[in-house]
């Protein structure tokens, strides 16, 4: 009887296992709802961050001439900007718990649109690219449990990706520190490589917190604290390199190049660690890549059309004076080398010089000094002539 019943039992179990394997998360309507929630949170967060940075910048500009370097701490505008900045960062942080990493990262173009609304074409392209990213973005969802994150962390694709990233990071750091290669691409590549690890750990931490709030506690797994430490460390070093780049290059150039590099590297890291594009068809992947390219082009046009501020020069340019050479010419002395005689106070003293450039002759004035009316000798004034 047992031998006759065992095939029947196996036949009853096979359909259950097959049904469990054939379930695809991207066909669930609830996953699209989570994508929409994550995208809206990211857009809201980036817009609020853009407003917060503008408020803080306005406060710094108003107090630029203050003797107290920390006078902005006493203004309500700066604190309001700080509150909005924290609120925006919380919105972006929460978005990683709902939508795939590859969908959230490119949406940072919204903050650039809010900061540099100077090109209608660029803004239009960035909006079209954002629409394509949301519509054709990856729709893979997975519970961020400690077991799943540990399994992704020790998978061979991610280990190979980490090996390549560490080698590239060390080479770039060597050229930047030892060879003084202060190119904007090298610095922002360092920022992008660190930022890719930041977004991977942010999604893990945010996802485990959301799963814990829903009732399945994940804070007792060591992987949560490992990801938390990595998130803080990479964010700090990323901010350090970004601050060094801001001291050397214009903010618009950093915004465009940094967005393109950081988005590309972060999408690659998300696709390797979380397998964002698993189960997606070729059409969705191609449309998503097209959305990224359109958003890149839009951000580039926005930042490129931004007017560069002309620094104030508190001196008179010497090239505006007749007979004087340009002080910015390379290899040329500032003081003119004249063959003719040169008198201090006159630009040029030769026979071909107009009369208005010849030194003036002071008149002889006699004054009486003393109470006895004795006339004092007149002042001796040197007569200048045009003779060489």
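Placed from the backbone N, Cα and C atoms, the Cβ positions cover glycine too.
According to TrEMBL, the protein carries these features:
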- 36-56: transmembrane segment (TRANSMEM)
- 77-96: transmembrane segment (TRANSMEM)
- 116-137: transmembrane segment (TRANSMEM)
- 158-176: transmembrane segment (TRANSMEM)
- 182-211: transmembrane segment (TRANSMEM)
- 223-242: transmembrane segment (TRANSMEM)
- 254-275: transmembrane segment (TRANSMEM)
- 282-302: transmembrane segment (TRANSMEM)
- 368-388: region 'Disordered' (REGION)
Exercise for the section: Look at every Cβ pair spanning the transmembrane segment (158-176) and the transmembrane segment (182-211), keep those 6 or more apart in sequence, and say whether at least 3 of them are under 8 Å. Expected result: yes
Practice task
Establish whether the number of Cβ pairs under 8 Å between the transmembrane segment (254-275) and the transmembrane segment (36-56) reaches at least three, counting only pairs separated by 6 or more residues.
Solution key: no
Practice task
Determine whether the transmembrane segment (223-242) and the transmembrane segment (182-211) share at least three Cβ pairs under 8 Å, counting only pairs 6 or more apart in sequence.
Solution key: yes
Problem - Contact set, same chain, for the transmembrane segment (36-56): CB under 8 Å, 6 or more residues outside the stretch - result: 72, 77-78, 80-85, 87-100, 103-104, 107-108, 110-111, 113-115, 130, 134, 137
Fill in the blank from the handout: In the same chain, residues at least 6 away from the ends of the transmembrane segment (182-211) whose Cβ sits under 8 Å of its Cβ atoms read 93-94, 96-98, 101, 104-105, 143-146, 149, 165, 168-169, 172-173, 175-176, 218-219, 221, 223-224, 227-228, 230-231, 234-235, 237-238, 241-242, 244-245, 248-249, 253-254, 257-258, 261-262, 264-266, 268-270, 273-274
